[in-house]
Amino acid sequence: MSMNHIRPWRNIERRKSRQIHVGNVPVGGDAPIAVQTMTNTLTTDIKGTIAQVQAAADAGADIVRVSVPDEASARALKEIVRESPVPIVADIHFHYKRGIEAAEAGAACLRINPGNIGDEKRVAEVIKAARDHNCSIRIGVNAGSLEKHLLEKYGEPCPDAMVESGLDHIKILQDHDFHEFKISVKASDVFMSAAAYQMLADATDAPIHLGITEAGGLMSGTIKSAIGLGQLLWMGIGDTLRVSLSADPVEEVKVGFEILKSLGLRHRGVNIISCPSCARQGFDVIKTVETLEERLEHIKTPMSLSIIGCVVNGPGEALMTDVGFTGGGAGSGMVYLAGKASHKMSNDQMIDHIVEEVEKKAAALDAQAAEDMKAAE
């Protein structure tokens with residue numbers, strides 16, 4: 001149960017936005033913040049792309065974007081959409097006809113880039129295809145591909161130019177009576193992105209897709225995204241997000257959920273709270289946590305686990321978690337269940353035992369949730 005009524009410093013008031021749908025996934029309004037990723041396979045490698053989409057979905061992705069750079073990719077998209085367990089967004093640049101073909105292939109959403117999609121006449125044809133095939137649209141502004149006239153006006157990529165680009169294209173869609181759209185204003189610079197998104201949030205009620213584009217590798221990109229997206233989410237801005245990493249798309253999904261979990265905006269799987277370890281540790285905390293992260297990946301039920309090396313903070317942290325283990329002496333530690341000290345367990349048997357306790361707790365929570373749902377019917 002949420003305790004935010006007595007912890008007002010944890011409350012995040014989300015910006016009010018219109019709700020649209022990307023396939024069967026609601027975006028905006030009071031819908032959960034959707035986690036997205038993007039495949040990095042050749043789209044024409046249908047088998048490989050479907051496998052990557054499935055892996056991302058298994059990791060929790062709500063929506064997956066697929067690049068459609070040519071006609072062959074548009075043809076391949078039809079089978080990818082058919083086999084995908086989640087809605088597919090077609091990533092469209094330069095060639096507006098690819099957007100039309102992607103809509104015909106069954107894409108749930110078309111991402112268009114104002115900087116290279118072409119004039120209003122071409123956009124109008126994409127809008128018609130989207131409407132005809134029940135497709136939403138994302139206006140995806142990028143600092144690295146702004147329209148020439150905006151670069152001339154502002155002298156360089158900047159938040160004002162990005163937001164102006166986005167609002168200009170919102171007007172085009174609205175002038176054609178098309179309202180199933182979301183918008184993003186991405187840059188690789190955290191400051192520019194954050195400023196642009198704040199301006200955008202004040203200027204429109206459209207659902208906002210968050211991202212720091214070209215953020216970097218797994219470590220550097222995670223840090224940049226956590227800072228950039230984290231502050232915006234804390235302000236209540238954002239209806240969907242993608243963490244852009246030069247890494248496996250599954251890692252993007254994991255990082256996205258960790259950012260949301262850290263702010264209490266979405267909960268999926270086991271939230272492990274662990275200490276950095278020091279000379280006081282009663283067991284090898286680092287190796288234990290690494291092993292538990294791997295062995296508990298199959299748990300989707302939201303729950304918490306504390307793994308603390310000694311009694312300085314261990315008992316206190318365990319009070320706030322579903323399952324906990326605190327290191328002690330003589331090769332054993334204390335297991336905590338529902339915040340209370342339960343029983344001792346030897347260090348060499350602890351990992352297997354913790355996995356068992358977490359699985360039992362997850363099963364109990366799932367059963368309770370099913371019972372509550374049945375009672376509410």
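Each Cβ is built from the backbone N, Cα and C atoms, and glycine gets one as well.
Residues annotated as [4Fe-4S] cluster binding site in Swiss-Prot, with sequence analysis given as evidence: Cys275, Cys278, Cys310, Glu317. Taking Cβ-Cβ distances under 8 Å and a sequence separation of 6 or more, the neighbours of Glu317 ([4Fe-4S] cluster binding site) in its chain are Ile273, Ser306, Ile308, Gly324, Thr326.
The binding-site residues examined here are Cys278, Cys310; by Cβ neighbour count within 10 Å, the least packed of them is Cys278.
Taking the centroid of the Cβ atoms of Cys275, Cys278, Cys310, Glu317 as the [4Fe-4S] cluster site, the other same-chain residues with Cβ within 8 Å of it are Pro276, Ser277, Arg280, Gln281, Val285, Ile308, Gly309, Val312, Asn313, Gly314, Gly327.
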